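Input: a single structure, listed below in C-alpha coordinates.
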Amino acid sequence: MEKEKVAQDQLSNRAGFRRLPPVYLAPLNTIGAIDREPADAAIREKREKIKEMMKHAWKNYKRYAWGKNELKPVSKGGHSSSLFGNIQGATIVDALDTLFIMNMKDEFEEAQAWVEENLNFNVNAEVSVFEVNIRFVGGLISAYYLSGAEIFRKKAVELGVKLLPAFQTPSGIPWALLNIKSGIGRNWPWASGGSSILAEFGTLHLEFMHLSYLSGNPIFADKVMNIRTVLNNLEKPEGLYPNYLNPNSGQWAQYHVSVGGLGDSFYEYLLKAWLMSDKTDLQAKKMYFDAIKAIETHLIRKSRNGLTYIAEWKGGLLEHKMGHLTCFAGGMFALGADDAPEGMTQHYLQLGAEIARTCHESYNRTFVKLGPEAFRFDGGVEAIATRQNEKYYILRPEVVETYMYMWRLTHDPKYRKWAWEAVEALEKHCRVKGGYSGLRDVYFNKESYDDVQQSFFLAETLKYLYLIFSDDDLLPLEHWIFNTEAHLLPVLSRNLKKVEDDGK
(Lines of atoms letter the chains of each structure in order from A and count residues from 1; the text may use other names and numbers.)
(Lines give C-alpha, C1' and ligand atoms only; values in the text may rest on other atoms or scores of the structure.)
Protein backbone atom coordinates (compact mmCIF):
# COMPACT_ATOMS: atom_id res chain seq x y z
CA MET A 1 0.00 0.00 0.00
CA GLU A 2 2.80 2.37 0.89
CA LYS A 3 4.53 1.68 -2.43
CA GLU A 4 1.28 2.33 -4.30
CA LYS A 5 0.67 5.60 -2.46
CA VAL A 6 4.24 6.75 -3.14
CA ALA A 7 3.90 5.85 -6.82
CA GLN A 8 0.67 7.89 -7.10
CA ASP A 9 2.28 10.86 -5.35
CA GLN A 10 5.30 10.67 -7.62
CA LEU A 11 3.09 10.71 -10.72
CA SER A 12 1.16 13.76 -9.52
CA ASN A 13 4.41 15.49 -8.49
CA ARG A 14 5.96 14.93 -11.91
CA ALA A 15 2.85 16.22 -13.65
CA GLY A 16 3.33 19.55 -11.88
CA PHE A 17 6.86 20.02 -13.27
CA ARG A 18 6.50 19.42 -16.98
CA ARG A 19 6.88 23.10 -17.90
CA LEU A 20 9.32 25.24 -15.96
CA PRO A 21 8.52 28.96 -15.60
CA PRO A 22 10.68 31.75 -17.05
CA VAL A 23 13.31 32.83 -14.53
CA TYR A 24 15.23 36.10 -14.38
CA LEU A 25 19.01 35.52 -14.39
CA ALA A 26 21.09 38.51 -13.28
CA PRO A 27 23.92 39.39 -15.71
CA LEU A 28 27.07 37.75 -14.35
CA ASN A 29 29.10 40.95 -14.45
CA THR A 30 26.63 42.64 -12.06
CA ILE A 31 26.89 39.88 -9.43
CA GLY A 32 30.59 39.19 -9.58
CA ALA A 33 30.81 35.91 -11.45
CA ILE A 34 33.23 37.25 -14.08
CA ASP A 35 36.84 36.84 -13.05
CA ARG A 36 39.69 39.35 -13.24
CA GLU A 37 43.40 38.68 -12.72
CA PRO A 38 44.69 39.91 -9.34
CA ALA A 39 46.92 42.99 -9.77
CA ASP A 40 49.67 41.65 -7.47
CA ALA A 41 52.01 39.37 -9.45
CA ALA A 42 52.88 37.11 -6.48
CA ILE A 43 49.20 36.55 -5.69
CA ARG A 44 48.47 35.95 -9.37
CA GLU A 45 51.15 33.28 -9.49
CA LYS A 46 49.77 31.51 -6.43
CA ARG A 47 46.27 31.56 -7.84
CA GLU A 48 47.55 30.18 -11.14
CA LYS A 49 49.15 27.31 -9.19
CA ILE A 50 45.77 26.46 -7.60
CA LYS A 51 44.18 26.43 -11.07
CA GLU A 52 46.93 24.05 -12.20
CA MET A 53 46.00 21.76 -9.25
CA MET A 54 42.39 21.75 -10.49
CA LYS A 55 43.62 20.87 -13.99
CA HIS A 56 45.68 17.99 -12.59
CA ALA A 57 42.73 16.65 -10.55
CA TRP A 58 40.29 16.99 -13.47
CA LYS A 59 42.60 15.64 -16.19
CA ASN A 60 43.26 12.46 -14.22
CA TYR A 61 39.61 11.99 -13.29
CA LYS A 62 38.80 12.29 -16.99
CA ARG A 63 41.57 9.88 -17.98
CA TYR A 64 40.94 7.12 -15.43
CA ALA A 65 37.41 7.48 -14.03
CA TRP A 66 35.29 9.51 -16.47
CA GLY A 67 31.58 9.14 -15.63
CA LYS A 68 32.28 7.32 -12.36
CA ASN A 69 31.60 9.09 -9.06
CA GLU A 70 35.18 9.56 -7.95
CA LEU A 71 38.77 8.76 -8.93
CA LYS A 72 41.21 6.32 -7.34
CA PRO A 73 44.38 8.31 -8.06
CA VAL A 74 46.92 5.68 -6.98
CA SER A 75 45.38 2.59 -8.58
CA LYS A 76 44.03 4.78 -11.45
CA GLY A 77 40.42 3.67 -11.66
CA GLY A 78 36.90 4.67 -10.68
CA HIS A 79 35.60 4.78 -7.11
CA SER A 80 31.94 4.66 -6.13
CA SER A 81 30.57 5.49 -2.72
CA SER A 82 27.32 3.87 -1.57
CA LEU A 83 26.09 7.39 -0.67
CA PHE A 84 25.05 7.92 -4.31
CA GLY A 85 23.52 4.50 -4.99
CA ASN A 86 23.69 3.92 -8.77
CA ILE A 87 23.75 7.62 -9.66
CA GLN A 88 27.01 8.34 -11.46
CA GLY A 89 29.16 11.39 -12.18
CA ALA A 90 29.48 12.97 -8.72
CA THR A 91 32.86 14.53 -9.52
CA ILE A 92 31.54 16.01 -12.78
CA VAL A 93 28.53 17.68 -11.15
CA ASP A 94 30.51 18.73 -8.07
CA ALA A 95 33.22 20.36 -10.21
CA LEU A 96 30.96 22.32 -12.61
CA ASP A 97 30.97 25.69 -10.83
CA THR A 98 34.69 25.47 -9.93
CA LEU A 99 35.49 24.89 -13.62
CA PHE A 100 33.30 27.87 -14.52
CA ILE A 101 34.81 30.38 -12.10
CA MET A 102 38.36 29.25 -12.96
CA ASN A 103 37.49 29.99 -16.60
CA MET A 104 38.22 26.39 -17.66
CA LYS A 105 35.75 26.68 -20.54
CA ASP A 106 36.63 23.53 -22.46
CA GLU A 107 36.42 21.39 -19.34
CA PHE A 108 33.10 23.01 -18.36
CA GLU A 109 31.67 22.28 -21.80
CA GLU A 110 32.72 18.62 -21.72
CA ALA A 111 31.17 18.34 -18.23
CA GLN A 112 27.94 19.94 -19.49
CA ALA A 113 27.85 17.55 -22.46
CA TRP A 114 28.21 14.59 -20.07
CA VAL A 115 25.31 15.90 -17.95
CA GLU A 116 23.10 16.27 -21.04
CA GLU A 117 23.87 12.83 -22.40
CA ASN A 118 24.56 10.65 -19.37
CA LEU A 119 23.31 12.02 -16.04
CA ASN A 120 20.49 9.64 -15.25
CA PHE A 121 18.27 9.60 -12.16
CA ASN A 122 15.98 6.80 -13.36
CA VAL A 123 17.90 4.19 -11.43
CA ASN A 124 16.93 1.65 -8.82
CA ALA A 125 19.16 3.11 -6.13
CA GLU A 126 19.10 3.86 -2.44
CA VAL A 127 20.83 7.21 -1.92
CA SER A 128 21.72 9.55 0.92
CA VAL A 129 19.15 12.37 0.61
CA PHE A 130 21.62 14.80 2.22
CA GLU A 131 24.63 13.94 0.03
CA VAL A 132 22.65 13.86 -3.21
CA ASN A 133 21.05 17.19 -2.31
CA ILE A 134 24.24 19.10 -1.44
CA ARG A 135 26.38 17.65 -4.27
CA PHE A 136 24.00 16.97 -7.16
CA VAL A 137 21.07 19.36 -6.58
CA GLY A 138 23.43 22.09 -5.32
CA GLY A 139 25.92 21.55 -8.14
CA LEU A 140 23.25 21.62 -10.85
CA ILE A 141 21.52 24.74 -9.48
CA SER A 142 24.86 26.53 -9.23
CA ALA A 143 25.80 25.57 -12.81
CA TYR A 144 22.42 26.86 -14.00
CA TYR A 145 22.77 30.27 -12.37
CA LEU A 146 26.31 30.66 -13.72
CA SER A 147 25.82 29.38 -17.27
CA GLY A 148 22.10 29.84 -17.92
CA ALA A 149 22.03 26.39 -19.56
CA GLU A 150 18.49 24.99 -19.15
CA ILE A 151 19.71 21.38 -18.85
CA PHE A 152 21.04 22.13 -15.36
CA ARG A 153 17.74 23.55 -14.10
CA LYS A 154 15.79 20.69 -15.69
CA LYS A 155 18.03 18.05 -14.05
CA ALA A 156 18.02 19.82 -10.65
CA VAL A 157 14.20 19.95 -10.56
CA GLU A 158 13.91 16.37 -11.82
CA LEU A 159 16.15 15.18 -8.99
CA GLY A 160 14.36 17.38 -6.45
CA VAL A 161 11.06 15.70 -7.36
CA LYS A 162 12.65 12.28 -6.87
CA LEU A 163 13.72 13.27 -3.34
CA LEU A 164 10.24 14.39 -2.25
CA PRO A 165 9.04 10.93 -1.06
CA ALA A 166 11.72 11.09 1.68
CA PHE A 167 9.42 13.54 3.49
CA GLN A 168 6.56 11.05 3.74
CA THR A 169 6.95 10.41 7.46
CA PRO A 170 4.43 11.11 10.23
CA SER A 171 6.32 14.27 11.27
CA GLY A 172 7.49 15.38 7.81
CA ILE A 173 11.11 15.05 8.99
CA PRO A 174 12.69 13.21 6.03
CA TRP A 175 14.39 9.85 5.98
CA ALA A 176 18.17 9.78 5.60
CA LEU A 177 18.09 7.12 2.87
CA LEU A 178 15.69 6.89 -0.04
CA ASN A 179 15.24 4.45 -2.89
CA ILE A 180 14.61 6.95 -5.68
CA LYS A 181 12.79 4.38 -7.80
CA SER A 182 10.37 2.90 -5.26
CA GLY A 183 10.19 6.03 -3.09
CA ILE A 184 10.69 3.96 0.09
CA GLY A 185 12.85 5.56 2.77
CA ARG A 186 14.58 4.50 5.96
CA ASN A 187 17.18 5.79 8.41
CA TRP A 188 20.76 4.76 9.02
CA PRO A 189 20.69 1.58 11.14
CA TRP A 190 23.32 3.05 13.52
CA ALA A 191 21.42 6.30 14.17
CA SER A 192 19.93 6.43 17.67
CA GLY A 193 16.68 4.43 17.66
CA GLY A 194 15.86 4.89 13.96
CA SER A 195 16.42 8.65 14.09
CA SER A 196 16.97 11.22 11.38
CA ILE A 197 20.10 13.34 11.79
CA LEU A 198 20.04 17.09 12.42
CA ALA A 199 22.83 17.92 9.93
CA GLU A 200 21.10 15.88 7.23
CA PHE A 201 17.48 17.04 7.44
CA GLY A 202 18.68 20.53 8.44
CA THR A 203 20.80 20.90 5.29
CA LEU A 204 18.13 20.88 2.60
CA HIS A 205 16.77 24.38 3.13
CA LEU A 206 18.85 26.51 0.74
CA GLU A 207 18.60 24.13 -2.22
CA PHE A 208 14.87 23.47 -1.72
CA MET A 209 14.05 27.20 -1.55
CA HIS A 210 15.83 27.59 -4.89
CA LEU A 211 14.04 24.54 -6.31
CA SER A 212 10.71 26.21 -5.57
CA TYR A 213 11.92 29.42 -7.23
CA LEU A 214 13.29 27.58 -10.28
CA SER A 215 10.27 25.27 -10.70
CA GLY A 216 7.53 27.73 -9.77
CA ASN A 217 6.18 25.11 -7.36
CA PRO A 218 6.04 25.85 -3.60
CA ILE A 219 6.18 22.17 -2.60
CA PHE A 220 9.94 22.19 -1.98
CA ALA A 221 9.82 25.30 0.20
CA ASP A 222 6.80 23.87 2.08
CA LYS A 223 8.73 20.70 2.95
CA VAL A 224 11.69 22.52 4.47
CA MET A 225 9.56 25.14 6.22
CA ASN A 226 7.69 22.28 7.92
CA ILE A 227 11.04 21.03 9.30
CA ARG A 228 11.46 24.48 10.87
CA THR A 229 7.98 24.29 12.39
CA VAL A 230 8.69 20.88 13.96
CA LEU A 231 11.99 22.13 15.42
CA ASN A 232 10.46 25.33 16.76
CA ASN A 233 7.71 23.41 18.56
CA LEU A 234 10.20 21.18 20.38
CA GLU A 235 11.71 21.87 23.77
CA LYS A 236 15.48 22.40 23.43
CA PRO A 237 17.65 21.07 26.27
CA GLU A 238 19.59 24.13 27.52
CA GLY A 239 18.63 25.84 24.24
CA LEU A 240 20.63 23.23 22.29
CA TYR A 241 19.56 21.12 19.29
CA PRO A 242 20.32 17.40 19.76
CA ASN A 243 21.71 15.53 16.74
CA TYR A 244 18.97 12.86 16.59
CA LEU A 245 15.24 13.30 15.96
CA ASN A 246 12.76 10.47 15.49
CA PRO A 247 10.73 11.07 12.28
CA ASN A 248 7.82 8.96 13.52
CA SER A 249 7.30 10.61 16.90
CA GLY A 250 8.75 14.00 15.98
CA GLN A 251 10.71 13.92 19.28
CA TRP A 252 14.42 14.11 20.10
CA ALA A 253 16.23 10.83 20.65
CA GLN A 254 19.42 10.85 22.75
CA TYR A 255 20.77 14.22 23.89
CA HIS A 256 24.01 14.41 21.93
CA VAL A 257 24.94 17.87 20.59
CA SER A 258 27.73 18.63 18.13
CA VAL A 259 28.83 21.46 15.85
CA GLY A 260 30.87 18.80 14.00
CA GLY A 261 29.55 15.77 12.13
CA LEU A 262 25.80 15.11 12.71
CA GLY A 263 25.09 18.76 13.64
CA ASP A 264 27.39 21.11 11.71
CA SER A 265 25.60 22.34 8.58
CA PHE A 266 22.21 22.75 10.30
CA TYR A 267 23.60 25.86 12.03
CA GLU A 268 25.33 27.03 8.85
CA TYR A 269 22.03 26.79 6.94
CA LEU A 270 20.12 28.84 9.53
CA LEU A 271 22.54 31.73 9.04
CA LYS A 272 22.67 31.31 5.28
CA ALA A 273 18.87 31.07 4.99
CA TRP A 274 18.74 34.53 6.61
CA LEU A 275 21.38 35.91 4.23
CA MET A 276 19.96 34.18 1.13
CA SER A 277 16.52 35.65 1.81
CA ASP A 278 18.05 39.15 1.50
CA LYS A 279 17.70 39.35 5.29
CA THR A 280 13.93 38.89 5.29
CA ASP A 281 13.79 35.43 6.95
CA LEU A 282 13.73 36.73 10.52
CA GLN A 283 12.84 33.31 11.93
CA ALA A 284 16.11 31.86 10.61
CA LYS A 285 18.07 34.77 12.09
CA LYS A 286 16.52 34.30 15.53
CA MET A 287 17.04 30.52 15.49
CA TYR A 288 20.69 30.99 14.46
CA PHE A 289 21.66 33.54 17.10
CA ASP A 290 19.74 31.70 19.87
CA ALA A 291 21.52 28.45 18.90
CA ILE A 292 25.04 29.90 18.84
CA LYS A 293 24.45 31.65 22.15
CA ALA A 294 23.65 28.23 23.70
CA ILE A 295 26.65 26.67 21.93
CA GLU A 296 28.93 29.34 23.32
CA THR A 297 27.63 28.79 26.83
CA HIS A 298 27.74 24.99 26.84
CA LEU A 299 30.24 23.78 24.21
CA ILE A 300 32.92 26.42 23.58
CA ARG A 301 35.93 26.16 25.87
CA LYS A 302 39.52 27.42 26.09
CA SER A 303 42.49 25.08 26.54
CA ARG A 304 45.15 25.62 29.19
CA ASN A 305 47.34 27.30 26.58
CA GLY A 306 44.59 29.54 25.28
CA LEU A 307 43.22 27.65 22.24
CA THR A 308 39.47 28.12 21.77
CA TYR A 309 37.70 24.90 20.75
CA ILE A 310 34.16 23.52 20.38
CA ALA A 311 33.60 20.37 22.41
CA GLU A 312 30.84 17.75 22.02
CA TRP A 313 27.96 17.74 24.53
CA LYS A 314 26.54 14.41 25.67
CA GLY A 315 23.65 14.78 28.07
CA GLY A 316 25.40 17.59 29.92
CA LEU A 317 28.88 16.02 29.89
CA LEU A 318 31.56 17.38 27.56
CA GLU A 319 33.85 15.34 25.37
CA HIS A 320 36.85 17.59 24.71
CA LYS A 321 37.21 16.64 21.07
CA MET A 322 36.88 18.82 17.98
CA GLY A 323 36.44 17.42 14.47
CA HIS A 324 37.92 18.75 11.23
CA LEU A 325 34.29 19.19 10.13
CA THR A 326 33.77 21.59 13.07
CA CYS A 327 36.45 23.93 11.70
CA PHE A 328 33.91 25.46 9.29
CA ALA A 329 32.43 27.25 12.32
CA GLY A 330 35.14 29.92 12.41
CA GLY A 331 33.96 31.17 9.03
CA MET A 332 30.32 30.87 10.09
CA PHE A 333 30.78 33.00 13.23
CA ALA A 334 32.59 35.67 11.19
CA LEU A 335 30.04 35.63 8.35
CA GLY A 336 27.18 36.22 10.80
CA ALA A 337 29.01 38.85 12.86
CA ASP A 338 27.57 41.84 11.00
CA ASP A 339 24.01 40.93 11.97
CA ALA A 340 24.80 39.93 15.56
CA PRO A 341 22.87 41.43 18.48
CA GLU A 342 24.02 44.92 19.43
CA GLY A 343 27.61 45.16 20.58
CA MET A 344 28.42 41.55 19.58
CA THR A 345 29.85 42.03 16.05
CA GLN A 346 33.47 42.29 17.19
CA HIS A 347 32.96 39.40 19.60
CA TYR A 348 31.88 37.01 16.81
CA LEU A 349 34.66 38.15 14.46
CA GLN A 350 37.12 37.48 17.28
CA LEU A 351 35.55 34.07 17.96
CA GLY A 352 35.90 33.23 14.25
CA ALA A 353 39.58 34.24 14.38
CA GLU A 354 40.18 32.08 17.48
CA ILE A 355 38.60 28.99 15.89
CA ALA A 356 40.70 29.61 12.74
CA ARG A 357 43.84 29.73 14.91
CA THR A 358 42.96 26.49 16.71
CA CYS A 359 42.33 24.70 13.41
CA HIS A 360 45.60 26.05 12.01
CA GLU A 361 47.34 24.63 15.08
CA SER A 362 45.77 21.23 14.40
CA TYR A 363 47.46 21.38 10.96
CA ASN A 364 50.74 22.78 12.24
CA ARG A 365 51.19 20.06 14.88
CA THR A 366 51.24 17.24 12.33
CA PHE A 367 54.17 15.98 10.26
CA VAL A 368 52.50 16.72 6.90
CA LYS A 369 50.99 20.10 7.95
CA LEU A 370 47.46 18.94 7.13
CA GLY A 371 45.01 18.32 9.95
CA PRO A 372 43.57 15.10 11.34
CA GLU A 373 39.90 14.08 11.19
CA ALA A 374 39.53 14.92 14.90
CA PHE A 375 41.79 16.33 17.61
CA ARG A 376 41.58 16.39 21.39
CA PHE A 377 42.08 18.64 24.36
CA ASP A 378 42.58 16.29 27.28
CA GLY A 379 45.28 14.48 29.20
CA GLY A 380 47.77 17.27 28.56
CA VAL A 381 47.18 17.11 24.79
CA GLU A 382 46.06 20.12 22.74
CA ALA A 383 44.87 20.11 19.11
CA ILE A 384 46.37 16.66 18.45
CA ALA A 385 44.67 13.41 17.41
CA THR A 386 45.33 10.70 19.99
CA ARG A 387 43.36 7.83 18.44
CA GLN A 388 44.56 6.00 15.35
CA ASN A 389 41.14 6.13 13.71
CA GLU A 390 41.14 9.96 13.90
CA LYS A 391 44.55 10.61 12.30
CA TYR A 392 43.49 10.54 8.65
CA TYR A 393 43.00 13.46 6.23
CA ILE A 394 40.63 13.02 3.28
CA LEU A 395 41.26 16.30 1.38
CA ARG A 396 38.66 18.06 3.53
CA PRO A 397 37.87 21.77 2.95
CA GLU A 398 36.58 23.11 6.29
CA VAL A 399 39.81 24.74 7.48
CA VAL A 400 40.50 26.57 4.21
CA GLU A 401 36.80 27.50 4.10
CA THR A 402 37.25 29.36 7.39
CA TYR A 403 40.46 30.96 6.06
CA MET A 404 38.47 32.18 3.03
CA TYR A 405 35.78 33.89 5.12
CA MET A 406 38.33 35.31 7.56
CA TRP A 407 40.40 36.69 4.66
CA ARG A 408 37.35 38.26 3.00
CA LEU A 409 36.08 39.80 6.24
CA THR A 410 39.36 40.99 7.81
CA HIS A 411 42.07 41.01 5.10
CA ASP A 412 44.56 39.87 7.71
CA PRO A 413 47.48 38.54 5.58
CA LYS A 414 48.04 35.55 7.87
CA TYR A 415 45.01 33.83 6.30
CA ARG A 416 46.66 33.90 2.88
CA LYS A 417 49.88 32.67 4.49
CA TRP A 418 48.07 29.77 6.19
CA ALA A 419 46.18 28.93 2.98
CA TRP A 420 49.45 28.78 1.05
CA GLU A 421 50.91 26.43 3.70
CA ALA A 422 47.95 24.12 2.97
CA VAL A 423 48.61 24.34 -0.81
CA GLU A 424 52.27 23.40 -0.27
CA ALA A 425 51.32 20.49 2.00
CA LEU A 426 48.76 19.18 -0.52
CA GLU A 427 51.35 19.36 -3.29
CA LYS A 428 54.05 17.68 -1.24
CA HIS A 429 52.05 14.92 0.42
CA CYS A 430 48.72 14.36 -1.41
CA ARG A 431 49.63 14.89 -5.06
CA VAL A 432 50.36 11.71 -7.00
CA LYS A 433 50.74 11.10 -10.73
CA GLY A 434 47.09 10.12 -11.02
CA GLY A 435 45.53 13.02 -9.07
CA TYR A 436 45.26 13.81 -5.34
CA SER A 437 44.83 11.25 -2.57
CA GLY A 438 43.84 11.44 1.07
CA LEU A 439 46.28 10.27 3.77
CA ARG A 440 45.78 7.59 6.43
CA ASP A 441 48.03 9.23 9.05
CA VAL A 442 49.04 12.90 9.08
CA TYR A 443 51.63 12.31 11.86
CA PHE A 444 53.53 9.65 9.94
CA ASN A 445 56.61 10.69 7.96
CA LYS A 446 55.89 8.30 5.09
CA GLU A 447 52.74 8.83 3.01
CA SER A 448 50.13 6.13 3.31
CA TYR A 449 47.50 6.98 0.68
CA ASP A 450 43.80 6.15 1.01
CA ASP A 451 43.53 6.15 -2.82
CA VAL A 452 40.42 8.36 -3.12
CA GLN A 453 40.18 11.78 -4.78
CA GLN A 454 37.01 13.01 -3.10
CA SER A 455 34.60 14.97 -5.31
CA PHE A 456 34.49 17.71 -2.64
CA PHE A 457 38.22 18.34 -3.19
CA LEU A 458 37.27 19.87 -6.56
CA ALA A 459 33.99 21.39 -5.38
CA GLU A 460 35.23 22.94 -2.15
CA THR A 461 38.90 22.70 -1.21
CA LEU A 462 40.29 24.02 -4.50
CA LYS A 463 37.48 26.58 -4.93
CA TYR A 464 38.04 28.14 -1.49
CA LEU A 465 41.80 28.22 -2.05
CA TYR A 466 41.30 29.91 -5.44
CA LEU A 467 39.01 32.53 -3.90
CA ILE A 468 41.52 33.34 -1.13
CA PHE A 469 43.96 34.40 -3.84
CA SER A 470 41.32 36.22 -5.93
CA ASP A 471 39.99 39.76 -5.55
CA ASP A 472 36.92 40.19 -3.36
CA ASP A 473 34.76 41.12 -6.35
CA LEU A 474 34.87 37.52 -7.60
CA LEU A 475 31.73 36.00 -6.02
CA PRO A 476 31.14 38.81 -3.49
CA LEU A 477 29.48 37.62 -0.29
CA GLU A 478 26.60 40.11 -0.62
CA HIS A 479 25.44 38.42 -3.85
CA TRP A 480 26.32 34.76 -3.33
CA ILE A 481 25.75 32.12 -0.66
CA PHE A 482 27.86 28.96 -0.66
CA ASN A 483 25.95 25.79 0.15
CA THR A 484 27.71 23.30 2.41
CA GLU A 485 29.42 21.76 -0.66
CA ALA A 486 30.60 25.26 -1.73
CA HIS A 487 28.04 25.42 -4.55
CA LEU A 488 26.94 28.93 -5.43
CA LEU A 489 23.41 30.07 -4.76
CA PRO A 490 22.49 33.70 -5.49
CA VAL A 491 20.70 35.73 -2.85
CA LEU A 492 16.97 35.56 -3.61
CA SER A 493 16.82 39.30 -3.27
CA ARG A 494 13.88 41.63 -3.18
CA ASN A 495 15.47 43.45 -6.14
CA LEU A 496 15.55 40.24 -8.16
CA LYS A 497 11.86 39.67 -7.44
CA LYS A 498 11.08 43.27 -8.39
CA VAL A 499 12.97 43.07 -11.71
CA GLU A 500 11.20 39.82 -12.45
CA ASP A 501 7.76 41.25 -11.60
CA ASP A 502 8.46 44.33 -13.73
CA GLY A 503 9.47 42.04 -16.60
CA LYS A 504 6.19 40.14 -16.32
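Each residue, glycine too, has its Cβ placed from N, Cα and C.
TrEMBL lists Glu131, Glu373 with the feature active site, proton donor. Feature annotation from TrEMBL assigns active site to Asp264, Glu398. For Cys327-Cys359, the entry in TrEMBL reads disulfide bond. The Ca(2+) binding site annotation in TrEMBL covers Thr484.
Annotated pair Glu398 (active site) and Asp264 (active site), C-alpha to C-alpha distance, rounded: 11 Å.
Put simply, Glu373 is the one of the recorded positions Glu131, Asp264, Glu373, Thr484 whose Cα lies nearest to the Cα of Cys359 (disulfide bond). Here Asp264 (active site) is compared against the recorded positions Glu131, Glu373, Thr484, and the shortest C-alpha distance is to Thr484. Take the Cα of Cys327 (disulfide bond) and measure to each of the recorded positions Glu131, Glu373, Thr484: the nearest one is Glu373.
When the alpha carbons of Glu131 (active site, proton donor) and Thr484 (Ca(2+) binding site) are compared, the span between them is 10 angstrom. Taking a C-beta cut-off of under 8 Å and a sequence gap of six or more, Thr484 (Ca(2+) binding site) has these contacts in its own chain: Ile134, Thr203, Asp264, Ser265, Glu268, Tyr269. Around Glu373 (active site, proton donor), the same-chain residues at least 6 positions away in sequence with a Cβ under 8 Å from its Cβ are Gly323, His324, Ala385, Glu390, Lys391, Tyr392, Tyr393, Ile394, Arg396. Every protein chain shown contributes to the tally, and the Cβ of Cys327 (disulfide bond) ends up with 30 other Cβ atoms within 10 Å.
With the fewest other C-beta atoms within 10 Å around its C-beta, Glu131 stands out among the active-site residues Glu131, Asp264, Glu398.
A simple way to gauge crowding: the CB of Cys359 (disulfide bond) has 29 other CB atoms within 10 angstroms, across all the protein chains here.
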